[in-house]
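First up is the structure itself, then whatever we jot down about it.
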Ligand SMILES: C[S@@+](CC[C@H](N)C(=O)[O-])C[C@H]1O[C@@H](n2cnc3c(N)ncnc32)[C@H](O)[C@@H]1O
């Protein structure tokens with residue numbers, strides 16, 4: 001069985017993602033009923049990276065989203081601590097540095113970048129898996145230039161009781177069973193469901209961001225709040 005527990009020990013999380021790396025993107029499409037593509041497009045629009053800008057895509061995994069940030073000429077550093085996810089990403093692109101995206105191994109809790117390096121930092125479906133969320137938010141703030149922005153795309157909570165109940169039933173019942181058919185590893189997806197249910201809601205995550213130093217924090221819900229996009233700015 002390959003799964004992390006909710007204490008999210010870094011070695012367990014990295015091993016779990018190593019083990020599902022090959023079929024990770026296919027599983028996303030199926031389990032989200034294709035919604036993941038809409039969520040990724042919304043994230044790219046929120047980051048709005050322009051030519052000459054440098055973007056950090058943290059917990060980039062196989063780099064599924066990373067290349068879309070280069071659309072207007074920005075360069076992207078895709079950083080992750082799972083060697084398996086990085087390997088699959090680099091193999092698919094024919095190298096670790098291609099078409100404006102460079103893969104770099106690194107831990108969100110101690111990023112291998114100087115202060116004020118990036119114009120924009122973003123993390124999609126990664127923050128929930130990090131052992132110390134507040135430390136990761138501080139590290140993202142540290143490596144962002146003054147005036148730069150953060151965009152966090154993460155599973156969240158549906159603010160309507162009845163709909164949230166239906167969604168929780170899907171998460172705990174059907175999702176791990178379908179995932180087993182695709183990845184032969186339902187354990188990693190049981191962790192996914194539990195970690196989503198355990199994750200702070202939209203206002204609580206915004207409060208964590210403010211504590212880490214981010215200003216003008218705001219969010220918007222996607223697919224009724226299944227996913228939320230949080231944004232903030234570095235002021236000093
Ligand atoms: C669900 S995947 C998301 C991948 C990608 N961002 C996407 O949207 O498909 C979560 C990723 O977070 C990475 N991760 C978790 N904790 C991390 C940490 N402390 N430092 C760097 N990456 C981490 C995992 O290795 C995994 O690739």
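Backbone N, Cα and C define each Cβ position, glycine as well.
Under the heading S-adenosyl-L-methionine binding site, TrEMBL lists 62, 80, 107, 108, 124. DSSP assigns residue 80 (S-adenosyl-L-methionine binding site) to a strand.
Counting Cβ atoms from all protein chains shown, residue 80 (S-adenosyl-L-methionine binding site) has 26 others lying within 10 Å of its own Cβ. The 6 Å Cβ screen around ligand 1 retains 80, 107, 124 from the binding-site residues 62, 80, 107, 124, ordered by sequence position. Taking the Cβ of residue 62 (S-adenosyl-L-methionine binding site) as reference, residues of its chain lying under 8 Å away and at least six apart in sequence are, in sequence order, 21, 24, 25, 85, 86, 88, 89, 92.
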